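**Student:** These came from Swiss-Prot, pasted as-is:
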BINDING   112-125, 148-157  acetyl-CoA binding site
COMPBIAS  183-193  compositional bias 'Polar residues'
COMPBIAS  194-223  compositional bias 'Low complexity'
DOMAIN    1-178  domain 'N-acetyltransferase'
REGION    183-223  region 'Disordered'
SITE      Gln53  site 'Crucial for catalytic activity'
Amino acid sequence: MEFNFIINKLVQLDQQGLGVYIPRASRSKVSSQQEQQLGQVLNTMGERSAIAQGLKQVITNYDKVQGTDQRVYIVAEGRTCQGFLKVGQKNLFYRDMMGNIKEIKPLCVLDFYVHESCQRQGYGKLLFEYMIQCEQTSPEKLAYDRPSPKLIAFLKKHYNLVKYIAQNNNFVVFDQYFRSDASSQNKQNQNTRSYSQPYSDYSSQIPTNYPQQQQQQSNSKSYPYKQENNIDLMQHSSSRNNKEFLNAGRAILSKEEIYKKDNLSQQNIENTLNNINNSQYSTKSQQQQQYQKDYQLDKYENNWGADKNIKKPPFPGQDRQLDKIQQKIQQTERELDVVNQQIIKQRQNLSQDPLTQNHRAQNVYNTNQFGTSPWAQTGFNYYSTSSSNYGNHYTYYKK
């Protein structure tokens, strides 16, 4: 963004064109004309930043910066201002994943803008690194006020900052903020030694002619399990040179104890074998082996089909199939029993119905009075009925 005046006269810049504007410190040193020019720079850049971020209100303004501890970092060259970055401390209430609220006071990035004509040329990273160096902090120790998608992508690309928990105050605090606190405390608690001289210089100070007896005494005092009384030597028979190994203070077993352990181990083996033989799985495997010996499947499969009278022997697993078939048969029998019971209940209900009782009584009366019709036993296929005072009259017809 170009202006009609030189920005170097308003803010002290270094060789790379980087500088910082601190309102409290620089207000007394700046004239009224320079204040107007600074206000013009901050107002125009703040408006462009709000338009680029799609904000309804302008965040950065010359009047808003005055009377605060905020700092505005600027990158400029001559009459052009490439971008700015505004920071300041804020008291924030942070809610974690468990719902716990913490009060923190981090340094916050309040506004960050690089002109469209200067983007993707390294000005943003240069300005951000300059701010970190001046504030003596790191990117994960910062809080970001309403960061735009471009700023989030910038932090992910250059500083690997991705994970954060959304807050009601629209500030973004990355998870590394709290991890860095824990790591810094751990570093302070650790008792580390730093030697300015190389290791070779220290090794030259160690005495070479150290008495051997004193070394043994010191080892026995500091490490009691290395004393001579508690050390047992045993020769390794498989080693070529008959090397001697330390038993680490353990007493060597006698022959009787070794025999006892061997007997116990043999008893345990016998018990396990008996358990295996008595188990149901072992019996099934034995049955399969006996089946292979008795029926000789290879010979049987070769002769199968030559003599149809030979019955196919039972194969392994046939018992399971028979069990399944029996279960299905039992299930169908149960279903038939249920159906029969339902039929019996329906018959009982019909017998108790008054309509069916009247119908049966009328039929009994007709048969007793007139007798059965001889035509019913003939080859007539259908008939018609007509009622009268004497009962039902049947008229039979042929096809």
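Placed from the backbone N, Cα and C atoms, the Cβ positions cover glycine too.
Can you tell me where each of these features sits in this structure?
**Tutor:** Neighbours of Gln121 (acetyl-CoA binding site), defined as other CB atoms within 10 A of its CB across all chains, total 11.
Regional average pLDDT for the domain 'N-acetyltransferase' (1-178) in the model is 91.
Around Gln53 (site 'Crucial for catalytic activity'), the C-beta neighbours below 8 angstroms that are at least 6 residues distant in the chain are Tyr113, Arg146, Ser148.
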**Student:** Since the record lists Gly124, Pro149 as binding-site residues, which of them has the fewest other Cβ atoms within 10 Å of its Cβ?
**Tutor:** Pro149
**Student:** Specify the secondary structure state of His115 (acetyl-CoA binding site) as given by DSSP, simplified to three classes.
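**Tutor:** In the DSSP reduction, His115 (acetyl-CoA binding site) maps to coil.
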**Student:** Give the number of CB atoms, excluding that of His115 (acetyl-CoA binding site) itself, located within 10 Å of its CB.
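**Tutor:** There are 19 such Cβ atoms around His115 (acetyl-CoA binding site).
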**Student:** Considering the binding-site residues Ile152, Leu155, which residue's Cβ sits among the greatest number of other Cβ atoms within 10 Å?
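**Tutor:** Ranked by Cβ atoms within 10 Å, first place goes to Leu155.
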**Student:** Taking 10 A as the limit, how many CB atoms besides its own sit near the CB of Phe112 (acetyl-CoA binding site)?
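**Tutor:** Taking every protein chain into account, the count is 25.
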**Student:** Under 8 Å between C-beta atoms and at least six apart in sequence, can you list the same-chain neighbours of Cys118 (acetyl-CoA binding site), or say none if there are none?
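**Tutor:** In sequence order, Gln82, Gly83 meet the Cβ cut-off.
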